[in-house]
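**Student:** Annotations per TrEMBL:
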DOMAIN    D:6-194  domain 'Class II aldolase/adducin N-terminal'
BINDING   D:GLY26, D:ASN27, D:SER43, D:GLY44, D:SER72, D:SER73  substrate binding site
BINDING   D:ASP74, D:HIS93, D:HIS95, D:HIS167  Zn(2+) binding site
ACT_SITE  D:ASP118  active site, proton donor/acceptor
ACT_SITE  D:TYR225  active site, proton donor/acceptor
There are 4 protein chains.
Amino acid sequence: MQQLKQQVFDANMDLPRYGLVTFTWGNVSAIDRERGRVAIKPSGVAYDVMRPEDMVVVDLDGNVIDGKWNPSSDTATHLALYRRYPSLGGVVHTHSTHATAWAQAGLAIPALGTTHADYFFGDIPCTRALTEEEVQGEYELNTGKVIIETIGEHEPLHTPGIVVWQHGPFAWGKSAHDAVHNAVVMEEVAKMAWIARGINPQLQPIDSYLMNKHYQRKHGPNAYYGQK
Amino acid sequence: MQQLKQQVFDANMDLPRYGLVTFTWGNVSAIDRERGRVAIKPSGVAYDVMRPEDMVVVDLDGNVIDGKWNPSSDTATHLALYRRYPSLGGVVHTHSTHATAWAQAGLAIPALGTTHADYFFGDIPCTRALTEEEVQGEYELNTGKVIIETIGEHEPLHTPGIVVWQHGPFAWGKSAHDAVHNAVVMEEVAKMAWIARGINPQLQPIDSYLMNKHYQRKHGPNAYYGQK
Amino acid sequence: MQQLKQQVFDANMDLPRYGLVTFTWGNVSAIDRERGRVAIKPSGVAYDVMRPEDMVVVDLDGNVIDGKWNPSSDTATHLALYRRYPSLGGVVHTHSTHATAWAQAGLAIPALGTTHADYFFGDIPCTRALTEEEVQGEYELNTGKVIIETIGEHEPLHTPGIVVWQHGPFAWGKSAHDAVHNAVVMEEVAKMAWIARGINPQLQPIDSYLMNKHYQRKHGPNAYYGQK
Amino acid sequence: MQQLKQQVFDANMDLPRYGLVTFTWGNVSAIDRERGRVAIKPSGVAYDVMRPEDMVVVDLDGNVIDGKWNPSSDTATHLALYRRYPSLGGVVHTHSTHATAWAQAGLAIPALGTTHADYFFGDIPCTRALTEEEVQGEYELNTGKVIIETIGEHEPLHTPGIVVWQHGPFAWGKSAHDAVHNAVVMEEVAKMAWIARGINPQLQPIDSYLMNKHYQRKHGPNAYYGQK
C-alpha cells in the first residue's frame, strides 16, 4: 500500500512540475487491482506541503480504508472509471489551460497532426452537458457516467483522455505515471490545435493513414518507437 | 500592527511569484477592522528590495499612521471599498496580462466553466468608463466609487473581482492572502475565456445549475471541497 | 568610461532577464553627453559569456574609441538618435516577440489602457517602409533617419519607443536602464493589445482624458506616483 | 567518434533548454563526412537520464556501428537528407509548439520580417502530404524524400528548415549546434507570424530588398554582423 501511495504522490507532484495545475486544481489516483484499492490525492491540500502519507486509500465503493484526510472531491468520478474499464491503472483530472478552454468551447480536441496521433487515436471527445438532475444529484458519479457514455465500448487506452463539457480534462493510462503523461500531451495538443485553427480555419484533420501509422508505430503490435 | 504589515508584505510578494506583476504594477492591502487600520504597499517600491517594515499603515480616511513611505497611489480606491463593504479583509490591484486585456476590451470576463464558478459566481463585471470630471477630480476615489456602483448591493465576496474600464483588475477576499488567490484565479479564467472564445465564438455561458453546483460545493453552507 | 560600460553591460544583461531576447538579438547603448562617448554592446557576442569590458565605446560619428570587438551592427541607428535628440541617455533594440509582431503587421501599437498610458503618451508608432535605395545604402543610418522622420519635432521621451516596419522595436530613455524598462513595457502592452483586440475587435482607444491623467500622474510636473 | 557523440549529445540537451521539446519529442544528429558516420539520439530515451555515450552511431545506410540503443525512429529521414545534400552537418527534428501548428495548418511559415530574414531566405516551406503508399511503406525514408522533393535544387542552408505536412518541423545547419540554433529561430518566427497575422490578416510579406539585405548582412560574402 505504501508503494501505491508513493506512486500516486509522485504522479500528483508531476502536475505542478509540468505546469498543469494552479493551486490545488488537480488530482491523480492509481488502483491496485488485486486488492481493489485506490489511492488518491486528499482534497484541497497544497502541493508544496503534501507528503506521500497524505494520500488517501479507498475501496472501489469509496469507503476510506486508510488516511486521515478527505479524499479528492472528484473521487467518485475516478472510481466510476476504474469500475467500468479494467484496463485503467491511473486517472488524472486537471484544469490545464488549453484543454479546459476546449471544454469551455464545448468541442472535441481535433486530431490535426502526428503529435496528437502518437498518443490519441482520433479526436479527444467532449462529453455532452450534464442535465440539471445529474448535477444536483450525485454530481461526481454522474460526471463519471457521462464520460463512460461518451467512450462506450471503445478501449479507453486508445484515446486516453476526454474533456468534460464546461468543466475540464480527464486523462488516464496503465498507471498514474502514464495518466499524467497523457494529460501533458493533451494540454500540448490542445494548445497546438487552438493555434493551428487560428492560422488556418479551413485546415484538414490528419489523414487517417498517417494517424494509423503514428499510433501504431508507438502502440501497435509491431511498435518500433523507443527501446525493447 | 506588525502582524498586519507582515501579512500585507507576504501577499504583495506573492504577486511576482504568481506572475501577476511587471515591475511595481500591483498593490495589496489588508484591514484590521477592530482598530480601523489598513496596511498597504508603498508606492513605486521594487519588489526585490521591499521589506515588511516598508508597508504603510493608514486609517480609513487615508491619514498615514505608520510608515516612512508614501502609500500606494491607489490607496483611495482600496479605502473606498473597505468603507463600503464590511466583509472585505484584503484588496489587490494588478495589471495582470489577460485580465487587463478584458478591461481594455471593455467587457466582463464571462463565466464559461467550472474553473470560473469555483471562485466567481457569475461574470466578472467591467465597470463603466469614468467621466472626464471623475478622472480629473479625485481619480482614485472615483475609481472606487465606480466599482461600488457596479457591485451595488451584491455581496462582493460572491464575485470577488472586477475589471475597471481601460484600466485593469481589482480583486478582494476575506484577507490579503485570499484577495491575491482570487486575483490569480481571475487572471487564469481571463486567459481561458480568451482562448475558449477564439476556439468557438458561439460558445454558451456555463449552465446556471452547473455554476451553482460548483460555487456551492466550495463556498456554500454544505461545502464539501477540501478539509473540515 | 568604466562606469558607462558597466551601466551598458548591466542594461544588456537585463534583456535576457526580462525575456526580451533570443540568442544575441538585442543591443543597448548609453551616452556620456559631456564627453560625447557612446558605449554599446559588441556585435554577435553571446549574453552568457559577455563581460563589462567587452562593451565598445564609440564617438558620435561611430569611430571606435575603446574596445577590441566590433560594435553592434545597429550602432549607426543608435548614434543617429543620440545626435538628433539631446534628451536621450540610452537606446535599446530588440526582437521581442509581440512588439516585433506589430512591426510585422505594419501597425502602431494602439494606446488601449492605463498600462500603456503610464509610460507612453499615445500610440507607439510604426515607421514607414524603407525604400530599396535606403536599404541598399547606409541601411542602419537610414533606419535611424526613418525613426526620426516619424517622431519629428515631438519630444521622444513622451512616447519612448517605436516599431520599425517589418523589423522590430526600438526604445529609449534617460538612461540605458530606463530604455530597457520602456522596452519591457512596450513588449507587455504589445501583448495586451493583441489579446484585447482578439477579444473585442471593435474596442475603443483609451479615453484621452484617462491617458492624460495616467501619464501626468507618473511623469507630469505634479506627478504623485512613487516616492519623492 | 567521441567528439561527434559529445556534440550530438550537447545539441540534444539544448532542445529542452530552449523549450523545444516535451518528453522525448525531438532528436538531433550530426555527420562526420570524412568517415561517413552519423551520430544520433537513441529512440525514446528521456533527456534527464541521457549521457553522451548513449548516442548511437550509424553509417549512411542506417547500419548501427556503435551504441547499445536503437537509434531514433526518425533516423532514415536524417540519413536521406545527409545523402542528398553534402552541405548539411547537422539535422534536428522537434514538435515545437508553433512550428508544429503551421505544419498542422498545412502552410508555409511566411517571411514577414527581419527576424525571419536573418536566418531563412524566403518562406519556410510546408511539404505536400505523403500518400497512403508512402506512409505505409518506408515512412521515415519517404519523409526525407518529400522534404527533398520540396527543396529540390536549392541550397538547403539558405532556408535551413521545413515543416512536414501534419507532422512538424525539421531544421538543419553546418553542425548539430547550428541545426538547433535554426530550430529555435524557426519556432520563434512561427510564433511571431501567428501573432502578426492575427493582428493584421492583410499584412504584406517582407519587402524582397529588405529580406536580401538582412540575409546578406549575416550570411553573404560581405557579411558584417558579428565578429570576424
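Including glycine, each Cβ sits where the backbone N, Cα and C put it.
Quick one: how deep are these features, and who are their neighbours?
**Tutor:** Secondary structure at D:SER72 (substrate binding site), as computed by DSSP, is coil. Taking a C-beta cut-off of under 8 angstroms and a sequence separation of 6 or more, D:SER72 (substrate binding site) has the following same-chain neighbours: D:ASN27, D:SER29, D:ILE40, D:LYS41, D:PRO42, D:SER43, D:VAL56, D:HIS78.
The number of other CB atoms found within 10 A of the CB of D:ASP74 (Zn(2+) binding site), across every protein chain shown, is 22.
Annotation note: D:ASP118 (active site, proton donor/acceptor) sits in a coil segment as assigned by DSSP.
Taking the Cβ of D:TYR225 (active site, proton donor/acceptor) as reference, residues of its chain lying under 8 Å away and at least six apart in sequence are, in sequence order, D:ARG217, D:LYS218.
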**Student:** At a 10 Å cut-off from the C-beta of D:GLY44 (substrate binding site), count the other C-beta atoms across all protein chains.
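**Tutor:** Taking all protein chains shown, D:GLY44 (substrate binding site) has 17 Cβ neighbours within 10 Å.
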**Student:** Measuring Cα to Cα, how far is D:GLY44 (substrate binding site) from D:ASP74 (Zn(2+) binding site) in Å?
**Tutor:** 11
**Student:** Which recorded positions (D:SER72, D:ASP118, D:HIS167) come close to chain A, taking a Cβ gap under 8 Å as close?
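**Tutor:** Only D:HIS167 pass the 8 Å Cβ test.
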**Student:** If I take the Cα of D:HIS95 (Zn(2+) binding site) as reference, which of the recorded positions D:GLY26, D:SER73, D:ASP118 has the closest Cα?
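**Tutor:** For D:HIS95 (Zn(2+) binding site), the closest Cα among D:GLY26, D:SER73, D:ASP118 is found at D:GLY26.
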**Student:** Ranked by the number of other Cβ atoms within 10 Å of their own Cβ, which of the binding-site residues D:ASN27, D:SER43, D:SER73 ranks first?
**Tutor:** D:ASN27
**Student:** Between D:HIS167 (Zn(2+) binding site) and D:SER73 (substrate binding site), how far is it from one CA atom to the other, in Å?
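**Tutor:** Just about 14 Å between their Cα atoms.
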**Student:** So among D:GLY26, D:SER73, D:ASP74, D:HIS93, all listed as binding-site residues, which is physically nearest to D:ASP118 (active site, proton donor/acceptor)? Use the C-alpha atoms.
**Tutor:** D:HIS93
**Student:** Please give the average pLDDT for the domain 'Class II aldolase/adducin N-terminal' (D:6-194) in this predicted model.
**Tutor:** 97
**Student:** Between D:HIS93 (Zn(2+) binding site) and D:SER73 (substrate binding site), find the distance joining the two CA atoms and give it rounded to the nearest Å.
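**Tutor:** Given the Cα positions, D:HIS93 (Zn(2+) binding site) is 11 Å from D:SER73 (substrate binding site).
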